[in-house]
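Working notes, beginning with the structure itself.
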Amino acid sequence: MAQASALRAPIPPAEPHKATEQALRPDVNQAHVRFIGLGKTYPGQAQPALHGIDLNIRRGEIFGIIGRSGAGKSSLLRTINRLEQPSQGRVLIDQVDIAPFDEDRLVALRRRIGMIFQHFNLMSAKTVWQNVELPLKVAGVAKAERQRKVRELLELVGLSQKQHVYPAQLSGGQKQRVGIARALVHDPEILLCDEATSALDPETTASILELLRDINRRLGLTVVLITHEMAVIRDICHRVVVLERGEVVEQGEVWQVFGAPRHEVTRTLLAPLQTRLPETLQAGLRASPASRDAAVVLKLSLVGEPELSALFADLGGRVRLLQGGIETIGEHALGQLILSVRGSPLDTRQLLERARGWAADVEVLGHVD
């Protein structure tokens, strides 16, 4: 009876994906997941976990959700597969409101939405093969089809040689690969990642991110992830939203948000990735100049790779590069430079105006003698 009801659902089960080496880019004109005025208040809590969320997630993109602890990240993520029921507003998937779905239609929906977690949730008494196969057995998939699918997925995640191994014999990264394979058994269109790399070391994290990027590219999945690791967002996401106390405070392309964060919460979250002064120079910074010959210290956030000699000449005086670097996010070169400017004919206000002609964001860090 459940299968018959699922077939009548307005959102049909996804057709099996066919792997392709062609990169699939997000469709900028199509919202795969849409939040409209979304709110969530838990019983006994005066402060809503989510409030007034209006947000689109594009089909085929990797979308990041960041924020401080308690900002509402997990609550928002779990409304997509209705593990959390919103108190207000709507969640639309392919323009269909999922709020009225009965149990049968929810089953059909959740088979289209895979999910991986920080903790791998593998069954210790079952092999890698059996862990991946289990959801297919529960769904009543025929044995031949189960074998084909499990074999295909273990090859995709690089575990073909580990199919008869038990979880206790696997590394953390290998366990997460099993979790990813299991999340893909029903050919989902959306993959939710809840702190999927936070229990892994940096090298293993990099390999899991590359796997997620490959899955997104080859299968065209929409990937939505939450993480407290800003480097993960920088390395893999197309766009990002910043939550604070259940509300959206900033959103946009990752290179734009990371290159010139506007909200104080975003700046705080990104601080570990920011270029910093050496401690010896930091200790000598003053809020105001101690003498007429004191240098002003500026931090410039740049998009692209400017001609430094022209920049220095434009600022006037004696310009010294104290710290800096350029990295690529997506297809965009982003740089941060910390400069000291001494003896410029321009005052601090004029220096800031001149520097803003070169940089997306300029900050006065202080003055040094």
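Glycine is no exception: its Cβ is also placed from the backbone N, Cα and C atoms.
In Swiss-Prot, the feature region 'Disordered' is placed on 1-22, out of the ranges 1-22, 199-220, 331-352. Put plainly, the binding-site residues Arg68, Lys73 were compared by Cβ crowding within 10 Å, and the winner is Lys73. The Cβ of Ser74 (ATP binding site) lies under 8 Å from the Cβ of Asp194, Ile226, each on the same chain and at least six residues away in sequence. Over the domain 'ABC transporter' (33-270), the average per-residue pLDDT in this prediction is 95.
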